[in-house]
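Trainee: Handing you a structure now.
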Amino acid sequence: MGQPKYKRVILKISGEALAGNQGFGIDQEVITSIASQIKEVRELGVDVAIVVGGGNIWRGVKGSARGMDRATADYMGMLATVINSLALQDALENQGVDTRVQTAIEMRQIAEPYIRRRAIRHLEKGRVVIFAAGTGNPYFSTDTTAALRAAELEADVILMAKRVDGVYDSDPEINPEAKRLKDLDYLTVLNGGLGVMDSTATSLCMDNHIPIIVFGIKEKGNILKAILGEPIGTYVGRLE
């Protein structure tokens, strides 16, 4: 096995990825597989912090589109990410991986509050840290949370684990002729509406020179491939 290309990573796992083929809730096989892949990466000495989405349980944007107050809908989405984070923590600890959950909204009975220095210390001690409840503010996505935490923790890369295996020129689940894009620069993502991440998150990554790798989570071993720098999915960053 080769040497890891990245020393500290933010792994962004979409809520939809946790649902697997069932489309809603948490697929136990999927979350166990993800946990085993994270364990494999952690054993290489890579610092791993995780941001989990909540779309398998609730999506704030959809709630607000149906007439719900946007802030309320977003807070419900943040709570959905806490559910996912606790499930992932349990899956990791069942495999012997020391894990901490930190929430952007305090709920001390079930998790630590997010404290940057404490999170860094956990990583230095070899623990996996899961960041839940987004940024703690409505109107900000979990993609933006991933970009923000990557900047705060000086991560080398954001690994975006999704249901699809990269970024396409159109929706591959609708268009069978869609083509996967190998390399993109930030401005192309910002201007092209390619659905990598929202503009706030992309701008934050661009301003702080944080590359993004978008890949599919279904195939076991993909997280390790991304860590080792193998060509996988779509790379977003500054192109030479």
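A Cβ is built for glycine as well, from the same backbone N, Cα and C atoms used for every other residue.
Remember, it's a predicted structure, so these values are computed and weren't measured experimentally.
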Trainee: Which one of these stretches, 2-7, 20-25, 134-139, shows up in Swiss-Prot as region 'Involved in allosteric activation by GTP'?
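Mentor: Checked against Swiss-Prot: region 'Involved in allosteric activation by GTP' maps to 20-25.
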Trainee: In Swiss-Prot, the UMP site includes Asp74, Thr135, Gly136, Asn137, Pro138, Tyr139, Phe140, Ser141, Thr142. Which of Gly54, Gly67, Gly126 does it also list there?
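Mentor: Within the candidate list, Swiss-Prot flags Gly54.
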Trainee: Given the binding-site residues Gly15, Gly54, Gly55, which one is most crowded in terms of C-beta atoms within 10 angstroms?
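Mentor: Sorting the candidates by Cβ neighbours within 10 Å, the top entry is Gly54.
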Trainee: Please work out which residue of Tyr139, Tyr168 has the most C-beta neighbours within 10 angstroms of its C-beta, and give that one of the binding-site residues.
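Mentor: Per the Cβ count, the most surrounded site is Tyr168.
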Trainee: Does DSSP give Gly15 (ATP binding site) helix, strand or coil?
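Mentor: Reduced to three states, the DSSP call for Gly15 (ATP binding site) is helix.
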Trainee: Using a 10 Å cut-off between Cα atoms, which of these binding-site residues sit near Gly54 (UMP binding site): Lys12, Ser14, Gly15, Tyr168, Asp171?
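Mentor: Final answer, ordered: Ser14, Gly15.
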Trainee: When the number of other CB atoms within 10 A of each residue's CB is tallied over all shown chains, which of the binding-site residues Lys12, Arg59 has the maximum?
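Mentor: Compared across Lys12, Arg59, the most Cβ atoms within 10 Å surround Lys12.
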Trainee: Of the residues named as ATP binders, Lys12, Ile13, Ser14, Gly15, Gly55, Arg59, Tyr168, Asp171, how far apart in Å are the Cα atoms of the most distant pair?
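Mentor: The ATP-binding residues span at most 23 Å between Cα atoms.
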